[in-house]
Amino acid sequence: MNPIVMKKLQKFIGYTFTNITLLKHALTHRSASSQHNERLEFLGDSILSFIIAKALYHHFPKMNEGGMSRMRATLVRGNTLAEIATEFSLGKYLQLGQGEKKSGGFKRESILANAIEAIIASIFLDSNIYTVERIILYWYKNRFKKMNPTGTKKDPKTRLQEYLQSKHFSLPIYSIGQIYGEAHNQIFTIYCKIDGLSELLIGIGASRRKAEQDAAQNALIRLEVE
């Protein structure tokens, strides 16, 4: 990759690499090379979770564990990381195989999110935990300002579970109905079975998790909880 292009990306990120190979590795999807970024992604995921958890602990001293867990989940989830990647115009720097390029992989949420995690790991390996912490907190500065500790709403699955438990009902059972599309661009249909309801509640989403959340939301509406 052109050194001028790499210099521009490093400016967006806010960090200049000593070993630029680490950054190139972080940008390489498995479709492009056997030397891909998945191991870096694994490491970066853990580093990000730790740093965000630490920041929440210090920013919100009166918040309980459940509240901090929900806020962390919001801050480290795929669409948040993809938003950060978009702010860096990261898609145009990714190294993708021809198939992924043709299918629009450079703008796919999961690929962008994974690349951000890989970049986090590459910064850590190129420097130290204190440097990568400073960089991450810089990326998240405005997001922390917008976080409302009293307004962090639980996700639909959690709300449904808590409602059913409060009524002493059995927990919902989620099962996969159908999966449409190619492996890199699938749509999931999930069925949610709740004791006392004759019909199955249906959820649809771009991942199993999202489809389950959609099914749980529909269940809450059907139960007239929301």
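Every residue gets a Cβ built from N, Cα and C, even glycine.
Taken verbatim from Swiss-Prot:
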| type | residues | note |
| --- | --- | --- |
| DOMAIN | 6-128 | domain 'RNase III' |
| BINDING | Glu41, Asn114, Glu117 | Mg(2+) binding site |
| ACT_SITE | Asp45 | active site |
| ACT_SITE | Glu117 | active site |
| DOMAIN | 155-225 | domain 'DRBM' |
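Positions of the features from Swiss-Prot, shown on the structure.
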| residue | record | CB count, 10 Å |
| --- | --- | --- |
| Glu41 | Mg(2+) binding site | 20 |
| Asp45 | active site | 19 |
| Asn114 | Mg(2+) binding site | 27 |
| Glu117 | Mg(2+) binding site | 25 |
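Excluding Glu41, Asn114, Glu117, which define the Mg(2+) site, the same chain contributes Asn37, Glu38, Leu40, Phe42, Gly44, Asp45, Ala113, Ala115, Ile116, Ala118, Ala121 within 8 Å (Cβ to the Cβ centroid), listed in sequence order. Here the domain 'RNase III' (6-128) is broken down by DSSP into helix, strand and coil counts: 89 helix, 2 strand, 32 coil.
Per-class residue totals from DSSP over the domain 'DRBM' (155-225), listed helix then strand then coil: 26 helix, 20 strand, 25 coil. Each residue contributes its Cα atom, and for Glu117 (Mg(2+) binding site) and Asp45 (active site) these two points are 5 Å apart. Between the CA atoms of Asp45 (active site) and Asn114 (Mg(2+) binding site) there is a gap of 8 Å.
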